[in-house]
């Protein structure tokens, strides 16, 4: 029997019965309060606005303290989100407060994509919580929940219409914050009448921070901290995070019902996705194997073609070498023949010269002899 059928039967068969005496489960709300107080609370605020609009001052005023932080400049190359976490204590209630500020928002010449880092940051916190929730061994009771519970968007009090940057950003954040407030923040106290009050002095007069006739600071504080803080935390979890979780799981292929609109368990979905993934993996593995075999064949063909070209080149060089060798041998033979012929001519010339010398000497001796006989 499916779990949904069991739950339906339990709901249909539920009866209200009276108690004969005190049992004690009426202390459950007190137990819940004690548990919550012992665990403490966390609250995360995202402050969006241009540099110099008083975001840090308002946070100091809201929580009646001085948060230390690095001052922002107007020279940031892009929008960066800076997160600071503080441990606050009021009576016996502990609060882990995280303030996220948008450093460099609105300081760029091209402000078209200034909202993207903000939306990506909000979704990244949802994604981090989802990944922790999907773990087999979860530690959500000690996990630092960084999901944004409230986003305060600061608008410059120019008195003119909203900037295009404000309109685009607030439209992108529309599903995550609601009401506009005109707020003045100040950590300085001025003497007004006989009392010291938090106020801000202007050339045209004094604005009292906690005077509802002057600004909406008290309404904002009541709405944000004293009345709706837990509602904001619950809305973040039950509405915004659940919407992100549902869309993310649907993108991953998880569904509550099958194509026939029948209940579909997470295990069945997981097995179906696992089988689908294994099928795709085997398909890709076969494609990669075929691709590898094809590339090996192509490489073998390239190597054979290169080997053939090398053999042809070797044969050409060998034939050229043989031809050159034959030419050199023929030339050497010709030179040898010329040398032999030259030697023969030289020998003949020397012989003729020797014979001529002998003949000349005989004739000289003969003339000398004839001359002696004459005398």
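Start at 1 and count along the chain as shown; that gives each residue its number.
Positions of Cβ are set from backbone N, Cα and C atoms, glycine also.
Look at TrEMBL and you will find 267-345 tagged as coiled coil.
The feature compositional bias 'Low complexity' is assigned by TrEMBL to 353-363.
Sequence annotations record features per position, and here TrEMBL assigns compositional bias 'Basic and acidic residues' to 365-375.
Positions annotated as domain 'Septin-type G' by TrEMBL: 39-179 (among others).
Under DSSP, residues within the domain 'Septin-type G' (180-251) fall into helix, strand and coil as 34 helix, 16 strand, 22 coil. Here TrEMBL flags 180-251 (among others) as domain 'Septin-type G'.
Taken from TrEMBL, the feature region 'Disordered' covers 349-375.
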The domain 'Septin-type G' (39-179), counted residue by residue under DSSP: helix, strand, coil: 39 helix, 34 strand, 68 coil
